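K.L.:
Below is one structure. I have some questions about it.
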Amino acid sequence: MKDYAIIATAYNSEIRIYASKTTNLVNEARVIHDTWPTATAAFGRFLTVSAMMGLMYKDEEKLTLQIKGNGPIGTMLVDTCGNGEVRGDIINPHVYIRSEVKGKLDVGAAVGNGFLHVTKDLNMRSMFTSSSELKTGEIAEDFANYFVVSEQTPTAVSLGVLVENDQTVRSAGGFIVQVMPGASDETISQLERTIYDIGPVSRWFDEQKSLESLVSAIANKTEKVLDIKDLHYKCHCSKDGFARSLSALDNATMNELIEDNGIEVVCHFCKKKYHFDKNDLLKIRENQK
Ligand SMILES: [Zn+2]
(Lines of atoms letter the chains of each structure in order from A and count residues from 1; the text may use other names and numbers.)
(Lines give C-alpha, C1' and ligand atoms only; values in the text may rest on other atoms or scores of the structure.)
Protein backbone atom coordinates (compact mmCIF):
# COMPACT_ATOMS: atom_id res chain seq x y z
CA MET A 1 0.00 0.00 0.00
CA LYS A 2 1.32 3.43 -0.89
CA ASP A 3 2.13 6.21 1.54
CA TYR A 4 -0.32 9.07 1.85
CA ALA A 5 -1.63 11.81 4.08
CA ILE A 6 -5.14 12.95 4.92
CA ILE A 7 -5.76 16.62 5.63
CA ALA A 8 -9.02 17.36 7.41
CA THR A 9 -10.81 19.86 9.58
CA ALA A 10 -12.94 18.78 12.52
CA TYR A 11 -15.10 20.08 15.37
CA ASN A 12 -16.66 22.80 13.18
CA SER A 13 -13.30 23.80 11.69
CA GLU A 14 -11.89 24.51 15.14
CA ILE A 15 -9.27 21.80 14.61
CA ARG A 16 -6.99 20.97 11.70
CA ILE A 17 -5.71 17.39 11.29
CA TYR A 18 -2.78 16.06 9.24
CA ALA A 19 -2.45 12.28 9.44
CA SER A 20 -0.09 10.09 7.46
CA LYS A 21 1.05 6.56 6.76
CA THR A 22 4.73 6.54 5.75
CA THR A 23 5.86 2.91 6.03
CA ASN A 24 7.33 2.73 2.50
CA LEU A 25 9.21 6.00 2.50
CA VAL A 26 10.71 5.32 5.92
CA ASN A 27 11.80 1.88 4.77
CA GLU A 28 13.27 3.40 1.60
CA ALA A 29 15.21 5.90 3.72
CA ARG A 30 16.43 3.01 5.89
CA VAL A 31 17.77 1.17 2.83
CA ILE A 32 19.39 4.27 1.27
CA HIS A 33 21.09 5.40 4.49
CA ASP A 34 21.62 1.94 6.04
CA THR A 35 20.09 3.07 9.33
CA TRP A 36 20.15 0.79 12.37
CA PRO A 37 16.91 0.40 14.37
CA THR A 38 17.09 3.41 16.71
CA ALA A 39 18.31 5.65 13.88
CA THR A 40 15.51 4.24 11.68
CA ALA A 41 12.96 5.23 14.33
CA ALA A 42 14.42 8.73 14.83
CA PHE A 43 14.94 9.48 11.14
CA GLY A 44 11.58 7.89 10.25
CA ARG A 45 9.70 10.02 12.77
CA PHE A 46 11.52 13.12 11.51
CA LEU A 47 10.73 12.34 7.84
CA THR A 48 7.09 11.63 8.72
CA VAL A 49 6.45 14.86 10.63
CA SER A 50 8.37 16.90 8.02
CA ALA A 51 6.32 15.45 5.15
CA MET A 52 3.10 16.44 6.97
CA MET A 53 4.44 19.87 7.81
CA GLY A 54 5.35 20.40 4.14
CA LEU A 55 1.66 19.93 3.29
CA MET A 56 0.90 23.11 5.23
CA TYR A 57 2.60 25.01 2.37
CA LYS A 58 2.11 25.44 -1.38
CA ASP A 59 3.53 22.87 -3.82
CA GLU A 60 6.55 24.95 -4.81
CA GLU A 61 7.36 26.22 -1.32
CA LYS A 62 10.32 24.48 0.30
CA LEU A 63 11.10 23.61 3.86
CA THR A 64 14.48 22.51 5.18
CA LEU A 65 14.39 21.07 8.67
CA GLN A 66 17.34 20.24 10.84
CA ILE A 67 17.58 18.44 14.15
CA LYS A 68 20.93 19.17 15.74
CA GLY A 69 21.30 17.04 18.81
CA ASN A 70 24.35 16.06 20.86
CA GLY A 71 23.43 12.36 20.84
CA PRO A 72 25.23 9.67 18.79
CA ILE A 73 23.05 10.25 15.70
CA GLY A 74 24.40 13.77 15.25
CA THR A 75 22.56 16.07 12.87
CA MET A 76 19.58 14.98 10.77
CA LEU A 77 18.39 17.07 7.84
CA VAL A 78 15.15 16.85 5.85
CA ASP A 79 13.99 18.71 2.73
CA THR A 80 10.32 18.77 1.88
CA CYS A 81 7.75 20.85 0.02
CA GLY A 82 4.01 21.20 -0.45
CA ASN A 83 3.72 18.33 -2.93
CA GLY A 84 4.41 15.48 -0.52
CA GLU A 85 8.02 14.81 -1.50
CA VAL A 86 10.61 14.36 1.18
CA ARG A 87 14.32 13.47 1.34
CA GLY A 88 16.84 13.49 4.15
CA ASP A 89 20.32 12.93 5.46
CA ILE A 90 21.60 11.58 8.77
CA ILE A 91 25.18 11.96 10.03
CA ASN A 92 25.50 8.67 11.88
CA PRO A 93 22.94 6.06 10.78
CA HIS A 94 24.56 3.24 12.77
CA VAL A 95 22.84 3.78 16.11
CA TYR A 96 21.04 1.09 18.06
CA ILE A 97 20.11 2.00 21.64
CA ARG A 98 17.36 0.28 23.57
CA SER A 99 15.92 1.51 26.83
CA GLU A 100 15.65 -1.47 29.18
CA VAL A 101 13.28 0.56 31.37
CA LYS A 102 10.86 1.46 28.57
CA GLY A 103 11.51 -1.82 26.72
CA LYS A 104 11.83 -0.04 23.38
CA LEU A 105 14.15 1.86 21.07
CA ASP A 106 15.51 4.91 22.89
CA VAL A 107 15.16 7.68 20.32
CA GLY A 108 15.58 10.44 22.92
CA ALA A 109 19.02 9.12 23.94
CA ALA A 110 20.07 8.70 20.30
CA VAL A 111 19.13 12.30 19.41
CA GLY A 112 20.16 14.02 22.67
CA ASN A 113 19.80 17.70 23.56
CA GLY A 114 19.92 20.45 21.00
CA PHE A 115 17.78 22.40 18.59
CA LEU A 116 15.22 22.04 15.83
CA HIS A 117 15.71 24.54 13.00
CA VAL A 118 13.09 25.12 10.30
CA THR A 119 14.02 27.15 7.21
CA LYS A 120 11.22 28.24 4.89
CA ASP A 121 11.87 29.21 1.29
CA LEU A 122 8.54 30.70 0.28
CA ASN A 123 9.62 31.88 -3.16
CA MET A 124 10.11 35.41 -1.95
CA ARG A 125 13.87 35.36 -2.50
CA SER A 126 14.47 35.25 1.19
CA MET A 127 14.64 32.46 3.71
CA PHE A 128 13.13 32.48 7.16
CA THR A 129 14.63 30.31 9.85
CA SER A 130 13.01 29.71 13.20
CA SER A 131 14.34 27.48 15.93
CA SER A 132 13.29 25.87 19.16
CA GLU A 133 15.02 23.79 21.77
CA LEU A 134 14.55 20.02 21.69
CA LYS A 135 12.32 18.94 24.59
CA THR A 136 13.03 15.22 24.77
CA GLY A 137 14.71 14.28 21.49
CA GLU A 138 11.75 11.96 20.84
CA ILE A 139 10.81 14.17 17.84
CA ALA A 140 7.01 14.39 18.39
CA GLU A 141 7.31 16.45 21.60
CA ASP A 142 10.03 18.55 19.97
CA PHE A 143 7.74 19.48 17.07
CA ALA A 144 4.73 20.14 19.32
CA ASN A 145 6.96 22.54 21.26
CA TYR A 146 8.19 24.13 18.02
CA PHE A 147 4.63 24.88 16.85
CA VAL A 148 3.77 26.50 20.19
CA VAL A 149 7.01 28.49 20.59
CA SER A 150 7.69 29.50 16.97
CA GLU A 151 4.25 29.56 15.39
CA GLN A 152 2.04 30.26 18.43
CA THR A 153 -0.21 27.35 17.42
CA PRO A 154 -1.25 24.86 20.13
CA THR A 155 -0.43 21.51 18.51
CA ALA A 156 -0.40 17.82 19.37
CA VAL A 157 2.04 15.60 17.49
CA SER A 158 2.21 11.81 17.59
CA LEU A 159 4.68 9.76 15.57
CA GLY A 160 5.41 6.06 15.42
CA VAL A 161 7.91 3.84 13.65
CA LEU A 162 7.92 0.11 14.35
CA VAL A 163 11.05 -1.80 13.35
CA GLU A 164 10.95 -5.56 12.76
CA ASN A 165 13.58 -7.96 14.12
CA ASP A 166 15.07 -8.15 10.61
CA GLN A 167 15.42 -4.31 10.78
CA THR A 168 12.79 -3.59 8.09
CA VAL A 169 10.05 -1.08 8.90
CA ARG A 170 6.79 -2.78 9.91
CA SER A 171 4.80 0.44 10.08
CA ALA A 172 5.35 4.17 10.22
CA GLY A 173 3.06 7.16 10.43
CA GLY A 174 1.66 9.82 12.67
CA PHE A 175 -0.46 12.90 13.04
CA ILE A 176 -0.29 16.64 13.66
CA VAL A 177 -3.39 18.18 15.22
CA GLN A 178 -3.62 21.98 15.43
CA VAL A 179 -6.03 24.12 17.38
CA MET A 180 -7.34 27.01 15.26
CA PRO A 181 -7.76 30.49 16.74
CA GLY A 182 -11.13 30.84 18.46
CA ALA A 183 -11.53 27.14 19.30
CA SER A 184 -13.72 26.64 22.36
CA ASP A 185 -12.42 25.25 25.65
CA GLU A 186 -14.96 22.47 25.32
CA THR A 187 -13.51 21.38 21.95
CA ILE A 188 -9.97 21.52 23.30
CA SER A 189 -10.74 19.37 26.33
CA GLN A 190 -12.68 16.88 24.21
CA LEU A 191 -9.74 16.69 21.80
CA GLU A 192 -7.33 16.10 24.67
CA ARG A 193 -9.46 13.20 25.92
CA THR A 194 -9.73 11.69 22.42
CA ILE A 195 -6.00 11.86 21.78
CA TYR A 196 -5.31 10.33 25.19
CA ASP A 197 -7.69 7.46 24.40
CA ILE A 198 -6.06 6.80 21.02
CA GLY A 199 -2.73 6.11 22.74
CA PRO A 200 0.55 5.63 20.85
CA VAL A 201 0.02 5.94 17.12
CA SER A 202 2.41 3.03 16.44
CA ARG A 203 0.01 0.73 18.31
CA TRP A 204 -2.86 2.01 16.18
CA PHE A 205 -1.10 1.04 12.97
CA ASP A 206 0.23 -2.20 14.45
CA GLU A 207 -3.36 -3.29 15.04
CA GLN A 208 -3.90 -2.87 11.27
CA LYS A 209 -6.33 -0.01 11.78
CA SER A 210 -6.66 2.39 8.86
CA LEU A 211 -5.52 6.00 8.52
CA GLU A 212 -9.14 7.00 7.80
CA SER A 213 -10.28 5.50 11.10
CA LEU A 214 -7.47 7.32 12.91
CA VAL A 215 -8.64 10.67 11.51
CA SER A 216 -12.19 9.79 12.47
CA ALA A 217 -11.13 8.86 16.00
CA ILE A 218 -9.20 12.11 16.48
CA ALA A 219 -12.16 14.08 15.10
CA ASN A 220 -14.70 12.14 17.14
CA LYS A 221 -16.50 11.56 13.79
CA THR A 222 -16.76 15.28 12.95
CA GLU A 223 -14.04 15.24 10.27
CA LYS A 224 -14.35 16.93 6.88
CA VAL A 225 -11.60 15.67 4.59
CA LEU A 226 -10.02 18.57 2.65
CA ASP A 227 -7.38 16.69 0.68
CA ILE A 228 -5.54 13.40 0.29
CA LYS A 229 -1.92 13.57 -0.85
CA ASP A 230 0.56 10.86 -1.85
CA LEU A 231 3.87 10.97 0.00
CA HIS A 232 7.22 9.92 -1.51
CA TYR A 233 10.90 9.75 -0.69
CA LYS A 234 12.23 11.62 -3.66
CA CYS A 235 15.53 13.25 -4.59
CA HIS A 236 15.81 15.61 -7.54
CA CYS A 237 19.58 15.58 -7.81
CA SER A 238 21.19 15.59 -11.25
CA LYS A 239 24.61 15.68 -12.87
CA ASP A 240 23.86 19.25 -14.03
CA GLY A 241 23.11 20.27 -10.45
CA PHE A 242 26.42 18.90 -9.19
CA ALA A 243 28.21 20.50 -12.16
CA ARG A 244 26.85 23.86 -10.98
CA SER A 245 28.15 23.16 -7.47
CA LEU A 246 31.58 22.17 -8.84
CA SER A 247 31.74 25.39 -10.88
CA ALA A 248 31.85 27.27 -7.56
CA LEU A 249 35.23 25.68 -6.72
CA ASP A 250 38.30 27.89 -6.76
CA ASN A 251 40.92 27.53 -9.51
CA ALA A 252 43.49 25.63 -7.50
CA THR A 253 41.01 22.98 -6.35
CA MET A 254 39.58 22.62 -9.84
CA ASN A 255 43.04 22.18 -11.37
CA GLU A 256 43.83 19.55 -8.78
CA LEU A 257 40.70 17.58 -9.68
CA ILE A 258 41.58 17.78 -13.36
CA GLU A 259 45.09 16.50 -12.64
CA ASP A 260 43.52 13.64 -10.67
CA ASN A 261 41.60 12.74 -13.85
CA GLY A 262 38.17 13.31 -12.37
CA ILE A 263 36.04 12.98 -9.29
CA GLU A 264 33.10 10.94 -8.05
CA VAL A 265 30.40 12.90 -6.26
CA VAL A 266 27.86 11.14 -4.02
CA CYS A 267 24.46 12.70 -3.31
CA HIS A 268 23.88 12.99 0.47
CA PHE A 269 20.16 12.41 0.11
CA CYS A 270 19.88 9.40 -2.22
CA LYS A 271 23.49 8.09 -2.34
CA LYS A 272 23.45 8.21 -6.13
CA LYS A 273 26.97 8.53 -7.57
CA TYR A 274 27.95 10.92 -10.35
CA HIS A 275 31.28 10.61 -12.10
CA PHE A 276 32.94 13.69 -13.56
CA ASP A 277 35.85 12.72 -15.80
CA LYS A 278 38.63 14.98 -17.00
CA ASN A 279 36.60 16.22 -19.98
CA ASP A 280 33.57 17.04 -17.81
CA LEU A 281 35.80 19.06 -15.50
CA LEU A 282 37.55 20.87 -18.36
CA LYS A 283 34.13 21.87 -19.65
CA ILE A 284 33.09 23.16 -16.20
CA ARG A 285 36.36 25.12 -15.94
CA GLU A 286 35.77 26.56 -19.42
CA ASN A 287 32.28 27.73 -18.37
CA GLN A 288 33.66 29.36 -15.21
CA LYS A 289 35.43 31.95 -17.35
ZN1 LIG B 1 20.11 12.62 -4.81
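Glycine residues also receive a Cβ, built from the backbone N, Cα and C atoms like all the rest.
Bear in mind that the values here come from a model prediction, so they are computed numbers and not experimental data.
According to TrEMBL:
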DISULFID  CYS235-CYS237  disulfide bond
DISULFID  CYS267-CYS270  disulfide bond
K.L.:
Under 8 Å Cβ to Cβ from CYS237 (disulfide bond), same chain, six or more residues apart: give me those in sequence order, or none if nothing qualifies.
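P.N.:
Spatial neighbours, sequence-distant, of CYS237 (disulfide bond): CYS267, PHE269, CYS270, LYS272, TYR274.
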K.L.:
Give me the non-local Cβ neighbours of CYS235 (disulfide bond): same chain, 6+ apart in sequence, Cβ-Cβ under 8 Å, ordered along the sequence.
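P.N.:
Result: ARG87, CYS267, PHE269, CYS270, LYS272.
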K.L.:
Need the DSSP three-state call for CYS267 (disulfide bond) to compare against my parser.
P.N.:
coil
